[in-house]
Ligand code: SIN
């Protein structure tokens with residue numbers, strides 16, 4: 001996962017890394033405004049076009065097949081990557097809006113952890129505070145007797161949201177809007193410990209919300225072993241802003257790889273790289289759009305994968321369908337230049 005964003009010299013030369021470099025964003029320094037250099041996407045597999053073609057004449061093209069199952073939409077497979085399934089447009093526009101809202105409003109709420117925990121401890125109401133223009137401040141408190149007895153002052157620096165006008169009284173401060181832009185992940189259900197790369201069942205946690213469980217169970221269906229039902233126990237929500245990428249990695253900390261990871265895309269279009277067991281193999285690049293669902297089970301669980309690029313410009317983001325649905329401007333403002341990925345796992 002994120003640890004693999006750290007790229008050493010040797011991995012710089014692998015086929016996977018070369019593909020990451022091919023698709024990552026580079027800016028044209030000759031222009032005054034930050035303009036991304038054009039990227040050649042002619043080799044990127046486009047399942048939306050494949051779906052259109054399939055709906056039109058029943059053909060899918062070389063290397064792609066349609067899974068025979070009773071899912072209510074076509075489920076595509078790649079012949080060279082058994083256990084990988086792509087369901088274009090699996091989520092309705094209403095579902096996409098709902099899960100974007102939840103990802104911003106509810107999922108980062110404690111006891112769920114986020115990347116901000118390490119620095120600030122649990123933060124409540126990040127999205128609302130950003131909307132209200134609030135600022136997270138730490139007030140250095142003199143050690144009083146209670147502090148000394150409970151030794152809380154060192155471990156609890158007392159970060160809290162205040163009005164911008166109160167910022168001047170604080171020793172340290174950071175705007176909620178900055179923190180929202182720097183939100184990189186939140187974890188639901190069993191909490192993933194990034195430092196140890198495993199699930200820490202002793203960390204306080206809430207169950208994954210029932211509606212998300214039901215959705216994940218339904219989506220997982222095409223990839224599940226016959227007669228078994230997917231049991232969502234943990235989810236990682238990834239937030240991507242302008243220029244963000246997710247380096248090649250494996251999701252291998254779950255016990256039973258016959259169960260899929262259910263991965264849902266929301267917001268701006270992205271390029272997803274699906275490699276093989278080694279980074280030495282050339283990955284397949286494909287577009288991920290808002291509403292697409294990917295399942296990775298069995299052999300595909302052993303494949304390196306990552307997201308080298310998201311498209312945040314109006315022309316390429318392909319989120320116009322969300323514009324009319326969000327009556328609440330702050331969500332639309334966020335998602336116009338962001339992507340959210342919710343990936344749901346059965347851990348045991
Ligand atoms: C992941 O592989 O963990 C996330 C993939 C995605 O963002 O689509």
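Positions of Cβ are set from backbone N, Cα and C atoms, glycine also.
Among the candidates 205, 305, 321, the residue that TrEMBL annotates alongside 249, 251 as binding Fe cation is 305.
Computed over the domain 'Fe2OG dioxygenase' (231-348), the whole-number mean pLDDT of the model equals 96.
Across the domain 'Fe2OG dioxygenase' (231-348), the DSSP tally of helix, strand and coil residues reads 20 helix, 45 strand, 53 coil.
Once Cβ contacts within 10 Å are tallied over all protein chains shown, the binding-site residues 249, 305 are led by 305. The Cβ of residue 251 (Fe cation binding site) has 17 neighbouring Cβ atoms from other residues within 10 Å, across all protein chains displayed.
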